[in-house]
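Features as listed in TrEMBL:
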- 208-228: compositional bias 'Basic and acidic residues' (COMPBIAS)
- 235-257: compositional bias 'Basic and acidic residues' (COMPBIAS)
- 266-356: domain 'Partial AB-hydrolase lipase' (DOMAIN)
- 1-40: region 'Disordered' (REGION)
- 208-257: region 'Disordered' (REGION)
- 571-598: region 'Disordered' (REGION)
- 168-190: transmembrane segment (TRANSMEM)
Amino acid sequence: MAQSVPRTPTQSAAQYSQQAEKLSLATSNDDPSETSSRSTAVEAKFITPLDPVIVLADGNRLPAVPPAEAAKLNELKNDIEGYNHSTRRLSSQSTESRIAADDAVPGCTAHSESKWLDESSLKEPSARLAAAVVPSRTHPLFPPLPLYGPPSVLRNLQCRALRFSSCILSLAFLGVIVLGSAFTSIPLMFQHIGLRLTFRNPDARRPFHQEEVRRKSARRQAEREWTRQRKRRRSQSEEGSKELGQLKDDFRPTEGGPDRLMCDVGYYARRVGLDVEEFKVQTEDGFIITLWHVFNPTEYVPCSADARGHKSPNVFIDEEWKAHSYQRKQYTDGSRRYPVLLVHGLLQSAGAYCTNDDDSLAFYLCKAGYDVWLGNNRCGFEPKHTTLDYYDPRMWAWNIRQMGVMDLPALISRVLLETDFEKLGLICHSQGTTQTFVALAKEQRPDLGNKISVFCALAPAVYAGPLIGKMYFKFMRVISPAMFRIFFGIHAFIPFMMTMHRLLPGTLYGAMGYRVFSFLFNWTDARWERDLRDRMFQFAPVYVSAESMRWWLGRECFARHKCILATREEGKAEDAEDEEAEQQREEMEEAAGRGGQEEKERMAWYNDQAPPFALWIAGSDDLVDGRRLLRRFQRGREPYVRLVHAKVIEEYEHLDVLWAMDSIEKVGREVRDVIWKTASEEARKICRIPRGFEEEGMDLVVVK
């Protein structure tokens with residue numbers, strides 16, 4: 001093999017300048033001012049070997065670029081600085097050839113240790129990452145993101161053309177979905193009319209009909225009482241509080257009256273005697289995301305607006321941990337609240353945890369005695385970045401892996417910093433579980449598991465359910481990546497949905513939202529409190545990137561492989577193994593001995609840093625297959641995973657784990673107990689015992 005010719009310092013400097021401009025915020029030709037020099041790319045920081053971000057001269061950052069491009073920038077920088085090249089380097093050519101090799105063999109396994117950068121060196125903060133290569137068995141599931149580069153005349157024209165085409169075509173696609181949901185509702189409408197004409201109540205068939213009637217009556221009475229008391233300029237009576245379903249009169253509502261259907265978590269918190277303060281968090285690639293803190297206003301004073309602003313993009317910095325947090329000063333040992341972070345699902349915000357009054361999981365856990373934080377992923381309701389604007393395609397070049405390896409650590413780091421704890425309980429629903437399962441994988445950010453005392457996965461989205469085969473999802477899988485971008489653009493995914501969210505009245509938008517999402521994801525409101533249904537859809541949808549939806553539904557990733565961390569070929573091998581008789585499987589494992597164990601460890605997704613897992617699976621969920629994930633754990637394919645709780649709720653659909661009228665009984669109370677029982681002894685000594693917790697109420701069971 002011919003060896004590469006060493007570059008002269010002059011050649012390295014010229015090539016570095018070209019590569020830096022290629023990855024900068026703006027070109028010097030477009031903006032020769034001092035601002036341009038501050039926005040020039042300086043080096044690449046590898047968050048993981050597959051996730052480099054670009055550091056600018058002013059300290060700000062740009063989102064992920066292809067690893068080969070980032071490695072080339074660092075290599076040239078090291079050339080200029082006289083770095084010793086006895087360390088292996090990653091050139092663009094070697095990276096492309098390795099990626100091509102991995103793509104040619106779906107389901108490729110990890111290469112031998114000699115081919116990869118020493119894993120321990122990646123953990124050193126000062127480690128040189130120019131030599132980082134792509135060490136991922138799961139790489140076929142995470143193809144490289146596009147590289148757009150700084151603005152230029154040609155790029156701007158291309159972006160405008162794609163915005164124009166996607167505006168028309170995505171609206172046509174949305175129109176088909178809306179019409180489809182309308183047509184499928186016609187039989188239900190006639191059935192409803194028929195029951196009314198025969199003097200029968202169609203709602204009487206709902207499983208919680210009598211409870212719905214009781215709650216609706218109590219809510220209306222409480223609303224009238226609130227209005228009367230407000231006119232008299234007096235606080236709400238104790239009787240009114242009980243009618244609202246308060247656990248204790250410590251939680252006196254400060255908002256009341258008829259529901260105004262607002263997209264405001266604080267408003268619904270105040271209706272149940274709580275409140276919310278908003279924090280801004282900066283991710284390691286420069287996105288500004290929103291973190292909501294739910295608190296009891298009778299015992300906690302919110303911190304200042306400046307203190308709630310975003311801080312450094314660095315996470316888990318030891319120096320910051322030495323100082324006591326603002327919140328720590330408000331509680332004494334023995335009365336502190338153990339922190340829990342809740343992360344939402346696809347097209348939702350964390351407000352999904354706050355729509356059911358006292359039966360909302362977030363409010364229930366707060367009143368039980370936990371310190372509740374609600375994490376929102378990048379863009380959300382307000383796309384914001386330290387350097388990029390809405391129309392820059394680099395603002396939208398991300399998918400589920402960036403949400404896992406950057407958004408989730410940023411949220412966890414900020415919660416631990418504010419609460420002065422070493423670990424927290426993590427609760428996720430649907431896509432929130434996906435980004436967590438991805439982030440904790442041994443080839444992504446496994447050290448994140450050291451910050452989590454337990455991971456509670458509600459309707460875990462790891463394996464695809466039968467819904468992925470529906471016609472409109474197949475359409476997205478059939479079209480090529482280039483055609484996908486023509487249909488849905490390279491910016492936000494169908495942003496017109498957000499326009500409708502802003503303009504339509506809450507009642508109309510809630511009704512349309514339910515019909516459309518019910519048609520798309522095949523769920524019903526049978527177990528929800530229908531009087532609150534319009535409220536539930538005020539917190540969805542949010543801005544997501546077209547690249548993110550392409551990861552879910554395009555031809556290359558999840559829709560093809562039907563799993564987030566295993567290729568289609570590996571999935572078929574698992575299915576074949578699961579078809580074997582249990583006795584035969586046990587005999588094979590016994591005969592395999594240590595060799596079989598080593599094979600399991602090699603093919604496992606997680607290492608010994610994984611936190612305890614707890615699963616709540618919706619048995620009637622067509623969107624994802626939670627049973628298959630449970631089977632993976634039970635069959636010993638993850639030898640390092642400690643599964644402390646697993647429950648299949650047969651009658652539940654995908655959103656019932658959040659919104660069913662009995663979700664607190666079947667999910668919330670168990671989540672409360674699991675978090676407390678998995679917390680460390682040191683944490684339990686300084687924290688209050690959760691209200692309603694019974695020491696012998698539920699044992700943790702390690703599912704073998």
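Placed from the backbone N, Cα and C atoms, the Cβ positions cover glycine too.
A TrEMBL annotation is a machine prediction, not a hand-curated record.
Mean model confidence of the domain 'Partial AB-hydrolase lipase' (266-356) amounts to 89 (pLDDT, 0 to 100 scale).
Here the domain 'Partial AB-hydrolase lipase' (266-356) is broken down by DSSP into helix, strand and coil counts: 18 helix, 23 strand, 50 coil. Across the compositional bias 'Basic and acidic residues' (208-228), DSSP classifies residues as 20 helix, 0 strand, 1 coil.
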